[in-house]
Amino acid sequence: MKLIQLCILFWCWRAICCQGCELTNITIAVEKEECRFCISINTTWCAGYCYTRDLVYKDPARPNTQKICTFKELVYETIRLPGCAHHSDSFYTYPVATECHCGKCDSDSTDCTVRGLGPSYCSFGE
């Protein structure tokens with residue numbers, strides 16, 4: 001019986017610890033108004049689960065902030081969009097995550113909404 005409990009405990013620990021916040025490859029839609037079309041590019045971003053809790057009794061002295069899987073370090077890469085008009089700026093700069101962690105959502109650099117547009121949204125259609 002103790003062996004079964006130990007196995008269950010191990011698998012629960014593994015599910016919590018090993019499925020955490022980590023780098024993952026994603027495809028995003030890139031668009032520029034001057035070019036009037038979208039292309040898909042591959043980049044690296046953060047995804048996974050972070051330990052969080054929602055207290056039953058709220059303490060106004062200690063605000064309850066939910067932690068999300070977000071970037072700790074990032075770099076920017078620039079590409080040239082093919083097929084843009086010659087007079088337009090055809091360069092596009094996008095973020096690439098290099099390190100992730102569980103932290104507070106920074107609304108200055110991240111879409112913190114419950115249901116954002118998503119990485120594949122394109123206002124021009126593909």
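Glycine is treated like the rest: Cβ placed from N, Cα and C.
Note: Swiss-Prot links C46 through a disulfide bond to C100 (candidates: C7, C100, C102).
When the candidates C17, C18, C21 are compared with Swiss-Prot, only one is recorded as disulfide-bonded to C69, and it is C21. Looking at the candidates C35, C38, C50, Swiss-Prot gives C50 as the cysteine bonded to C102 by a disulfide. Secondary structure from DSSP puts C50 (disulfide bond) in coil. Close to C112 (disulfide bond) in the fold, though at least 6 residues off in sequence, lie I68, C105, D106, each with a CB less than 8 Å from its CB.
Working note on the disulfide-bonded residues C50, C100, C102: by count of other C-beta atoms within 10 Å of each C-beta, C100 ranks first.
Residue with the densest Cβ environment among the disulfide-bonded residues C21, C84, C105: C21, by other Cβ atoms within 10 Å.
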